[in-house]
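Enquirer: Take this structure first; my questions come after.
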Amino acid sequence: AQDAITAVINSADVQGKYLDTAALEKLKAYFSTGELRVRAATTISANAAAIVKEAVAKSLLYSDITRPGGNMYTTRRYAACIRDLDYYLRYATYAMLAGDPSILDERVLNGLKETYNSLGVPVGATVQAIQAIKEVTASLVGAKAGKEMGIYLDYISSGLS
């Protein structure tokens, strides 16, 4: 996993070439959204707990999953769910800043689906909560930054599905 800049430079370096027009355009696009990504990350970092709390309220709180017999019924399981969702939000933010979703493969998704299945964690409910995080985040950071952040949250959802 590497950031967008390193990926472009390494590609040219492996070929022993200077950056071509296409590579420079990729860098230009990355830098042109830099301020937007940093502003979004600042807002997300300052509001992470509230984002996760609101996303859980929107997607999971009043469903069967939190009632007796449900997978999130017990404080310990509920806390584990909150912890996982916070982790996904944090790593999606890192990936957004880097401009590269492959960070998520290595740090989040490798073996996660298998682990969830072996522990009986409902993947569908998790994906639903991640989509709620996407919605809450977009309402907080604005449409353009929300769309950018959504790329990385969708990447996690797809990796779990």
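Counting begins at 1 with the first residue displayed.
Even glycines carry a Cβ here, placed using N, Cα and C.
Okay, so Swiss-Prot annotates it like this:
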type	residues	note
MOD_RES	Asn71	N4-methylasparagine
BINDING	Cys81	(2R,3E)-phycocyanobilin binding site
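Describe each of these features in terms of where it is and what it packs against.
Expert: A helical conformation is recorded for Cys81 ((2R,3E)-phycocyanobilin binding site) in the three-state DSSP classification.
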Enquirer: Neighbour count, 10 Å Cβ-Cβ cut-off, for Cys81 ((2R,3E)-phycocyanobilin binding site): what number do you get?
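Expert: The answer is 22 other Cβ atoms.
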